[in-house]
Amino acid sequence: MEYQRYEHNAAAAELVGRHYDTPPLAFVHSYGCQQNVNDGERIKGVLVDIGYGLCDAPEDADLILFNTCAVREHAEQRVFGNVGALKGLKEKKPGLIIGLCGCMANQKQVVEKLRRSYPYVDLVFGVDGIDTLPALLARKLEEKKRILLEPAQRPVIVEGIPIRRESEFRAWLPIMYGCDNFCTYCIVPYVRGREKSRRPGDILAEFKGLVAAGYKEITLLGQNVNSYGKGLDEEEKMDFSDLLNLLCAVPGDYHIRFMTSHPKDASRKLIDTIAAQPHLCKHLHLPVQCGSDRLLEKMNRHYTVEHYLDLIEYARERVPGITFSSDIIVGFPGETEEDFQGTLDLVRRVGYMQLFTFIYSKREGTPAASYPDPTPRAEKTDRMARLLKTQDEIAMALVKAQVGQTVRVLVEGSGRAEGTLSGRLDNNLTVEFAGEEALLGQYARVKLTGARATVLLGELSV
Ligand code: 5AD
Ligand code: SF4
């Protein structure tokens, strides 16, 4: 693995300065997962570094960048719809640069479609190209030709890319990029490439910076954080639990979350670490995808329902009060009613606090795209409705069971009712309570007094 450092591109900054009479404005919108949102924050950082200002409305922008997600078809359609809606704006403002980056841009057929059918898209670059954006923009301003880069993967990690974070108290911190798992439904390994881990020292330095800047919630990101460490040099080799211990040794008032954990690599050592480290949230997002061994094998997940439940049980023993969340795919090709009953059964047995549910979306180029998929759409949506109903009942009961406790929450924003704040518990639940806005971004102690559906209600406790 090659590690590089970002360098300010003075020539590009100078060119941008010369090209516009007043500093140009950029509108950057990110779709998809937190990894992508964090990439969007770095894209903004790089743009500011070469003289752009940032704006919240596409109409005000000289540069519009969509940082896209490819994980499901629906996400892609939304992007094409939003890009299509910019045609009129470009006609009115010919100097406007419209760009697309992120996961969709790492698919050959998407780049081809943009080339053929969206002539007003000027700039396309993939997930590994954020540090090259200044040079691309400079070329675009000089040559005035479209630059649509073909998907390519770079076995490089670029450190020190400037960043404009969206929050002053919650931060995303990537520890690794890419994925080597090749679950048969998933496009991510094709668009985000092979796993590459950041060096522990680089992660620690960024982490210390965040703590010093007053960040309270730091979420470590990776497609599969449990396989952190692959490819590191021998002298700095460590696994994910070692990394957590390294970070937790940093003094300060903060908590750490992480995602996503793959059940095949989630170790007892990891659970022991969660038990031992007060800075780690007592919550585990452990996507199971489905509750049928037959389908788990077809998904190439490398674990069984029994193995998964063993992990959950071990976590419950070692970490009292731990809660779980998961991702579920409904309607994977060939899913039978019996397979689906297995999923319902597993969901009931675990008792998830939250479930992120998706109807299977066919992704061209993945193995599952060629699997027979005879189940009608109506049947899949019916299964989804039944899953959501089951989960709702479980979540309501779990939420109600919290009432009466006094907990520490991070105050994140305003609540729905006038004069209330909204805070988040370790277990990711939200509580609303009366309080002053000055508490925003701070920890507060809240007594949980009731619940409205799956939102807790509470009052400040002193
Ligand atoms: N169809 C539906 N859901 C998918 N996911 C990933 N690929 C697909 C797909 N092709 C879901 C998985 C994953 C989450 C991020 O997105 O549940 O855990
Ligand atoms: Fe979407 Fe996956 Fe890319 Fe995240 S990594 S933006 S979920 S395709």
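For all residues, glycine too, the Cβ spot is worked out from N, Cα and C.
TrEMBL names C33, C103 as [4Fe-4S] cluster 1 ligands; from the candidate set C55, C69, the record adds C69 to that same site. Only C33, C69, C103, in sequence order, out of the binding-site residues C33, C69, C103, C179, C183, C186 have a CB under 6 Å from ligand 2. Of the chain residues outside the [4Fe-4S] cluster 1 site list C33, C69, C103, Y31, G32, Q35, N36, T68, A70, V71, A75, G102, V188 have their Cβ within 8 Å of the site's Cβ mean position. Comparing Cα positions, C69 ([4Fe-4S] cluster 1 binding site) lies closest to C186 out of the binding-site residues C179, C183, C186. Less than 6 Å separates the Cβ from ligand 1 in the case of C186, drawn from the binding-site residues C69, C103, C186 in sequence order. Within the set of binding-site residues (C33, C186), the lowest number of other Cβ atoms found within 10 Å of a Cβ is recorded at C33. Looking just at the domain 'TRAM' (400-462), the mean pLDDT is 95. Take the mean position of the Cβ atoms of C179, C183, C186, the recorded [4Fe-4S] cluster 2 site; other residues of that chain with a Cβ within 8 Å of it are N181, F182, Y185, I187, V188, P189, Q223.
The DSSP breakdown of the domain 'MTTase N-terminal' (24-142), given as helix, strand and coil counts, is 64 helix, 23 strand, 32 coil.
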